[in-house]
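Visitor: Take this structure, written in structure tokens, and hold onto it; I'll ask about it next.
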């Protein structure tokens, strides 16, 4: 039974002051500019190494930013960030930490869980990733027939698929062209057959990733891949499992197993052995750069004051749009083909984490939580949903992501034009059908490049933004009870239909 809320966050002083500011903003909704006028000038652009964050087109001013930071302080955000990174059991429904940040901690500090230092296991696993990736890249990992590996197939779904897929696509300038990279995540036979038609099983390595090693889709595809080989002896050099339950992988017949741990959520496993295919593709040294980019954002979010803290500002401005301006969907547009899979990755990360209506006390919330996340390649939006953005009745918030490189000049120009039109509108046109109201709040993230370091930083930035918002909403971003409940119902229906 869901309990009534003890004290809602809507009763906080800062929340009520923000509501009054939102009422004032709505009275001035015809303003041509997204930024609310304010006598106190403030810097609306922040930088962390390889990423510049520009929120000058958001409907905020210094007063609103200060109140949002007051809200963060009222809910003890700094303490919650420290608890996350220091390994406190913040995943309260499962009574465990959420220590994905430990996976990319390249320092020498100890992180204790129930009296055990987990960093020794993390470092040991990194060493295994290094050895395996080097052996494959140096043609020393041979298949059963004695031939070197030419194709790597990643079998997984959700976080075990989307993160690696983002990397292989985004880091195309870094990956070895001596290998072919494939992904199977779907139970649709066509997906499996399309990949199998392109490979030689004798020179193929399958990476089977499943935290529980009970994921139906993943195990079905793994068994179909097993059937490509004559017997269990011939599969030893062709399969690697990544799981928190190695005994299940061994039982299935896979002898080489890399661990993931119950304190790492599947959708937060980007920096784990789940991304082994990326370490093989770009080499271990560049894989460490990926970890370093994420780790530097971890340090930034923990030790930077909130006024200059990019993930915190992104989260708080997102709260402002979602809970006070009542804009409940987030459009993410990436202006580089390399980032084609970034939007589905964030879509899962955000909506599975914060798509909750029950708070950490087991009470129904009385405010909006996670937004609907959608989007894709920005240059394709012109010919699909740009019309709705210009003149539709649904309001959106936008994250526009561009690369600051010479070969992206033309596509970046298209991005700037769209941001200008959507934020400022077109009001001085004689044809009334051409009227565009504008006033779309938006962020602009400018990446210095699309390197492993920058990609790691970008992923960590969104991870922390999502966590910060969960703190404000008082929900647990590290479980998925709705999914588990639906799975149980599906099993019951299946058993009932079979009886």
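Placement of Cβ uses the backbone N, Cα and C atoms for every residue, glycine included.
Swiss-Prot lists these features:
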- 352: active site, proton donor (ACT_SITE)
- 383: active site (ACT_SITE)
- 487: active site (ACT_SITE)
Visitor: Which is it, of 352, 383: the one of these active-site residues whose Cβ has the most other Cβ atoms within 10 Å?
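Guide: Result of the Cβ crowding comparison: 352.
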Visitor: Quick one: Cα separation, the residue listed as 'active site, proton donor' versus residue 383 (active site), in Å?
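Guide: Just about 29 Å between their Cα atoms.
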Visitor: Which of the three DSSP-derived classes (helix, strand, coil) applies to the residue listed as 'active site, proton donor'?
Guide: helix
